[in-house]
Amino acid sequence: MSLSLWQQCLARLQDELPATEFSMWIRPLQAELSDNTLALYAPNRFVLDWVRDKYLNNINGLLNAFCGADAPQLRFEVGTKPVTQTLKTPVHNVVAPTQTTTAQPQRVAPAARSGWDNVPAPAEPTYRSNVNVKHTFDNFVEGKSNQLARAAARQVADNPGGAYNPLFLYGGTGLGKTHLLHAVGNGIMARKPNAKVVYMHSERFVQDMVKALQNNAIEEFKRYYRSVDALLIDDIQFFANKERSQEEFFHTFNALLEGNQQIILTSDRYPKEINGVEDRLKSRFGWGLTVAIEPPELETRVAILMKKADENDIRLPGEVAFFIAKRLRSNVRELEGALNRVIANANFTGRAITIDFVREALRDLLALQEKLVTIDNIQKTVAEYYKIKIADLLSKRRSRSVARPRQMAMALAKELTNHSLPEIGDAFGGRDHTTVLHACRKIEQLREESHDIKEDFSNLIRTLSS
């Protein structure tokens, strides 16, 4: 047996797992085979525990399939694989911790370091961190919709400049991207209080560059941004059509990456879908790890409301949280705004927070939601999105070009309306409720497996909720 055994396992796991999961958890592992033991080295304890918990059976199954009774024992360790003189296979043939995507010909990947090795000597500028100390990992409510994004952000905070550089988070407004940026900043500074961590909106970068040009201070501008330890930029899509800003950020990006300085970017859309941004920048955005944050599912919305109420020392009955979460689905910001209004009304009136009270306090907001999202509206939006007719959604046609949009529309109706499964089935040509249930489960499965389906679902949710 040789290291090619692990390479065979990698090839199979890459086929079996969603691309994001493989890049985040499997690719950073290093392997060493010795004395019939396959040692897998994880970059930190978090990755080790996650892989052992989630993928141990997958890996053991592959080892047994490839080797039968001679399958090696599996051992997990934190750290990097020791290099010995007897190792015949070059180190670069083993998946390195910093390799998170297919290698780019124009970039030489930096060696894996902590992110703080060879930090430049203290520079003249006074760094404006702008990191909000209130946004931490502890008060970020985790759910299925944001689990991968939070895990990736946590690893970056623990190992800046390491495996996931750059980290690119994308999703609709109010889903927690900014919270995670601040949480990473707080995490880095908790470990290294003197770290130069800068958070900013992309428009601030543009404003600073314009000011530097006006004051003939472009060199100071470059020195400021290229000597930070971590640069966290929100809403990168606002660089669109700003050619000089893109040019300067391109060189800043390259300088930071070469110095193992961490970059985290957020956007409201997938990198390649950002219009008005140069292809060379969009390509670099995808060099590290790209993770989507989707609208929170019902259970997460309830958890967000309960946590927010607890932070305000307010007792929120579970049935009230469920009532609000069931009706307000688009994003976290909307949920928190609604709860703030309920709390304010309760404080002003001295009344208990009940479902009837919430109906009254949020009357206009709930009416607007019910008016905006109807099954008819969903059918119209889905038909336009997939360029088919509404009649096709209601028909008995079973071709994939029609069946998949129909399943998508049914899943959206279940997610965005209060209609029962039989009612949804009736609205789609008199179909049985079991057909609707199958459609919902199918779309949920495809969202895990297919980037295109995940994007379609998120885009349609955003359109219908806006």
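Placement of Cβ uses the backbone N, Cα and C atoms for every residue, glycine included.
Features of the protein shown, as given by Swiss-Prot:
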REGION    1-86  region 'Domain I, interacts with DnaA modulators'
REGION    86-129  region 'Domain II'
REGION    130-346  region 'Domain III, AAA+ region'
BINDING   G174, G176, K177, T178  ATP binding site
REGION    347-466  region 'Domain IV, binds dsDNA'
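Structure coloured by features recorded in Swiss-Prot.
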residue : record           : contacts (Cβ under 8 Å, 6+ apart)
G174    : ATP binding site : S330, N331, V332, R333, E334
G176    : ATP binding site : F140, N146, A149, I293, V332
K177    : ATP binding site : A149, L169, Y170, G171, D234, T266, I293
T178    : ATP binding site : H135, D234, T266
(message) Quick check: with G174, G176, K177, T178 left out, which same-chain residues have Cβ atoms within 8 Å of the centroid of the ATP site Cβ atoms?
(response) G171, T173, L175, H179, L180, T266, I293, N331, V332, R333
(request) State the three-class DSSP label for G176 (ATP binding site), counting H, G and I as helix, E and B as strand, and everything else as coil. (result) coil
(request) Count the residues of the region 'Domain IV, binds dsDNA' (347-466) that DSSP assigns to helix (H, G, I), to strand (E, B) and to coil, and report the three numbers in that order. (result) 93 helix, 0 strand, 27 coil
(message) As a quick check of your reading of DSSP, tell me how many residues in the region 'Domain I, interacts with DnaA modulators' (1-86) are helical, how many are strand and how many are coil.
(response) 47 helix, 17 strand, 22 coil
(message) For the region 'Domain II' (86-129), report the average pLDDT of the model, please.
(response) 41
